[in-house]
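The structure appears right after this line, and notes come after that.
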Amino acid sequence: MTIIALAGELEPEGEDRAQQRAAQARVAERAAARNATESVLGFEGGVAAANTPERVARRLDRLSRYYLDGSTDGVDAAAPVDSHRVLARAGALTGENESAGRAVEAIINTSDFIGVRYLDAGVAAARSVGRINISHGRGYGTGFLVSPTLLLTNHHVLPTADKAHTSTVEFDYQDDVDGSPRPVRAFELDPDTFYVGDRDLDFALTAVKGTPEQLQPFGFRSLTEAQGTVVIGEFTTIVQHPRGDKKMIALRENTLVDILDRYLHYCADTEPGSSGSPVFNDQWEVVALHHASVPAPDHAEFGGIVNEGIRISQIIAMLRARTLSVRERELLTPLIGPASRTAMAVPTTPDFEDAEIESGATELADTPETDLRNRRCPVTVTVTIDTAAQPMSSEQKVTEQ
């Protein structure tokens, strides 16, 4: 990640070092699976081969709901998927009603022609993202509204309620369509009303001081624990405040290369962003909370980065399990719902020995490896985490690890 700091700054705190070691271990442990994924993604049928049949079916079901029904709202995360019905509906979108794998690829591997709905939805999604000003300018992170009053970011950005007390969230820190800066709207955080942090999953959820009328213009991003929001080989988009700068977007060219039980790994050819940024799919659903990057100098020409985000489904499951007061539970209800449900588990490690699965994907075992440089993620890595709470001044020294 990019670290903003003054010369002679203190070393990152213990939590940041622990996050670095954990991320490095995960990326190293998944190197073989990630390389296998890269190999199959370069071929027709690769997306289907890199994912389990259930994950493909769930993704196709969600895409069909979005494009045919106009929304994925109200989908029961625990409900089973009728693969025959999903394929029949997919035929209306792609003309492919025999193979779930080919149908999902026909949708996500589309040309660069995208409906204008994508832009309108993206503008709305980006409005909910703000810059977190930590401890009166000691550091910066990114966060986003996930309910009318709650803001989600990383635990290492706001590790305690006391830290949240001295921090603010700044919306509209960005340029307008004419290139002029927008007026920034800053709100204090309100951890006395609500604050939940989890160091292990590296997330913090806190209330924002502001009336519903004051916060309403920025909207919020509803979260879902449903499976099928993204598959390996699909593009993701990150809205962020890199280095604490004005709001920017890493648009689409961030390929998801691995799905772990708790984390997503994705390659990017853009500059690393800030901790606490939302990771979106092409339907602007939040699929992960961005928190770490793995620099790869030997592939710097393609960005050379393996990014890691915490899966939203895991964060929701953690919130469901927390013991909260009645008032806290009321504030959390718009986010996780009133009932405690368990989403059906989906296998996270693709079986590359069965490349065809139910998708009709091309057999890849004896196929010569192609040039996959644009999607290559290196194995030998070093890791840094956005160190959000480092000293700041108007004259910053930017160190990129």
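Cβ coordinates come from backbone N, Cα and C, glycine included.
The following features are taken from TrEMBL:
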ACT_SITE  His156  active site, charge relay system
ACT_SITE  Asp200  active site, charge relay system
ACT_SITE  Ser275  active site, charge relay system
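Put simply, His156 (active site, charge relay system) is 10 Å from Asp200 (active site, charge relay system) when counted between their Cα atoms. In this structure, the C-alpha atom of Ser275 (active site, charge relay system) lies 8 angstrom from that of His156 (active site, charge relay system). Counting other C-beta atoms within 10 Å of each candidate's C-beta, the active-site residues His156, Asp200, Ser275 are led by Ser275.
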